[in-house]
Amino acid sequence: MTVVPPNEAIIEARAPDVEKAEPKSITAEAIELRENPFTDNSAASTNVARSPSSSSQHTAHTLSTIRQIALVVIVTGAAFLNTLGIQAVVILLPNIGHELSIPVARQQWIVSAYSLTFGCFLLLFGRLADIFGKRRVYLAGSAWLTVITIIIPFVKNEIAFDLFRGLQGLGAAANVPTAIGILGITFPPGKAKNYAFAFYGGGAPMGAIFGNILGGVLGTYIDWQWVFWILSIFAATNTVASYFVIPPQPSQPRLQGSKRNVDWIGGFLITAGLLVLLFALTEGNVVGWSTPWVPVLIGLSIVLIIAFVIWQDVLERKTDRAPLMKVSIFASMQFSAAIITMFLFFAAFNNYLIFATYYYQLYQGLSVIQTTLRFIPNGVVGTCLIVVMAHIMSRVRGNYILIFSLLSVGVSNTLMAVPIPPSTTYWAYGFPAMIFCVCGADTLFPTLSLFVSMSLPLEDQALGGGLINAVGQMGRAVGLAVATAIQVAVTAHQKHETVAEVGTAEPKVHDSALLSGLRAAFWFNFATSTTALVVVLFAFRRAGVIGKR
């Protein structure tokens, strides 16, 4: 089977764009190739083989093997440090809150401030990286992350602490999409690209696991400040190594003139829209969804996001200015389905990690260290999958991989949702649930990341990285908001109390009502992953081998 590298096919289909100042719309050929980019197309394959852009725009052929490996390890550090910093702080919330005298109801903002800025600035930084240089933005983001992380432990005021956590999230928002963009422009379709994206895909799950361990150990035996100082050492090392290893970005003719102008209006609309939405979703379960300003903010965010889409469409079709994001990329059913799948998957996956933590700590009353030990299988299996996934993506059809991923996450949530007696040993249900969970994450994320990279032209690689991560953040926020609302409502019903009373009460160990609420949340996660499975079965039914050259 001859498979067309989609990004090269799209570049070939858009050849006139290099000569013109601005394409008015996506071509029919490009849409057709994107609609099913992993099927046979011999004619297109011939054209791509003759295209001068097929290899010259990638930089891997100019790098030694050792430098290619070092580059993959370094940019994977962006995903690893991002989730490590989030998860370690989640474990340390009681320690930080106690020392800074932060009430329990407001401790979530230690995490939410970071997540808000990270999720809301991904698209903007992705576009800035594509325009001004991925290496430059990555280095700036990594250096920024290093400096802010060093400062945070010295901040003793609640508001200032949350502010600096938000500033810390800006560094990650610059690094994460740019890292995917660097991999996208460095490696042409083939074995090396598969390994690069498989390794990068394991960075986030590994960061979450080691974040649990680091937060648990340091929070129990040393001081919470050391989490930030260790993180800053990692970030500083990554910054220095990046300076020497990441190659300069090759020149791109399409980014001259008006292409180098940033769509600041679009950047404001999408950033403000996501910021307002994530803020409302974060606060909704704290102050109550009936609080008047919560639905008002959600409505405002929807208006801003719709305005962003309309503005992008106008810029792309009716002007010669470059939009922040081309709306035409969603003309492909598979591309749109990939984004929807990413949204639903991260809702189910992230919720599993959170509610499994609640189950072990709040319901079973386990310590931080005991809970951390139950997550270790994630790290072991995830490490093994990093090596295997490159081979899988080059040999197994993409729809089969995605089906396996979503079934795995569905099974992990089902094992926690069914009425298994809580006295049952962890090895009978908790252990396999952890294994299935990481199998889903470490197979789906690299597969869809590679798909998005190969579906976009080289000049949009960092934007693509920003898009899939922003969608993942939205999935996490929306999924957690809905699952938490379900969990609290079911718990309140079992207790014959109001939602407000349950939301402010301290959870009790072995509370049957709490267990019912947690199981309801796991059933919601199962429904979410099942919905994503239906999307994959329909949209990717004819997909070929994604990682085959």
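Cβ coordinates come from backbone N, Cα and C, glycine included.
Taken from TrEMBL, the feature domain 'Major facilitator superfamily (MFS) profile' covers 71-544.
Residues of the same chain lying 6 or more positions beyond the ends of the transmembrane segment (108-125) and with a Cβ under 8 Å from any Cβ of it are 82, 85-86, 89-90, 93, 96-97, 102, 137, 141, 161-163, 165-170, 172-174, 176-178, 267, 270-271, 274-275, 278-279, 282, 286, 324-325, 462-463, 466-467, 469-470, 473-474, 476-477. Residues or ranges marked as transmembrane segment by TrEMBL: 108-125 (among others).
Taken from TrEMBL, the feature transmembrane segment covers 137-155 (among others). Away from its own ends, the transmembrane segment (137-155) comes close to residues 75, 78, 81, 85, 125, 128-129, 161, 164-165, 167-168, 170-175, 178-179, 182, 224-225, 228-229, 231-232, 235-236, 238-239, 242-243, 246, 462 of its chain (Cβ-Cβ under 8 Å, at least six residues beyond either end).
Feature annotation from TrEMBL assigns transmembrane segment to 167-185 (among others).
What TrEMBL lists as transmembrane segment is 197-220 (among others).
TrEMBL lists 226-246 (among others) with the feature transmembrane segment. Within the chain carrying the transmembrane segment (226-246), a Cβ under 8 angstroms from the stretch's Cβ atoms is held by residues 67, 70-71, 74-75, 77-78, 81, 84-85, 88-89, 92, 134-135, 138-139, 142-143, 145-146, 149-150, 152-153, 171, 182, 214-215, 218-219, all 6 or more beyond its ends.
Look at TrEMBL and you will find 262-281 (among others) tagged as transmembrane segment. Non-local neighbours of the transmembrane segment (262-281) in the same chain are 112, 115-116, 119-121, 123-124, 127-128, 131, 294, 297-298, 300-305, 307-308, 311-312, 315, 321-325, 470, 473-474, 477-478, 480-481; each lies 6+ residues outside the stretch with a CB under 8 Å from one of its CB atoms.
If you look up TrEMBL, you'll see 335-355 (among others) marked as transmembrane segment. Sequence-distant contacts of the transmembrane segment (335-355), counting only residues of its own chain at least 6 positions beyond either end whose CB sits under 8 Å from a CB of the stretch, comprise 34, 208, 329, 402, 405-406, 409-410, 412-413, 416, 433, 437, 440-441, 444, 448, 451-452, 455, 467-468, 471-476, 478-480, 482-483, 487, 518, 521-522, 524-526, 528-529, 531-532, 535-536, 538-540.
Marked as transmembrane segment by TrEMBL: 375-393 (among others).
Annotation comment: TrEMBL describes 400-420 (among others) as transmembrane segment.
The transmembrane segment feature in TrEMBL is assigned to 426-445 (among others).
The annotation transmembrane segment is assigned in TrEMBL to 466-490 (among others).
Beyond the transmembrane segment (520-540), the same-chain residues lying 6 or more positions past its ends with a Cβ under 8 Å from any Cβ of the stretch are 333-334, 336-338, 340-341, 344-345, 347-348, 351-352, 355, 398-399, 402-403, 406-407, 409-410, 413-414, 416-417, 440, 479, 482-484, 486-487, 490. Marked as transmembrane segment by TrEMBL: 520-540 (among others).
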With contact taken as 3 or more Cβ pairs under 8 angstroms (pairs 6 or more apart in sequence), are the transmembrane segment (466-490) and the transmembrane segment (375-393) in contact?
no
Highest-contact recorded stretch vs the transmembrane segment (400-420), from 167-185, 197-220, 375-393, 426-445, CB pairs under 8 Å:
426-445
Go through the chain and flag residues at least 6 beyond the ends of the transmembrane segment (197-220) whose CB is under 8 A from any CB in it; none is fine as an answer.
72-73, 75-92, 95, 179-180, 183, 226-227, 230, 353, 367-369, 371-372, 375-376, 378-379, 382-383, 385-387, 389-390, 393, 438, 441-442, 445-447, 449-450, 453
Over the domain 'Major facilitator superfamily (MFS) profile' (71-544), work out the mean pLDDT and round it to an integer.
84
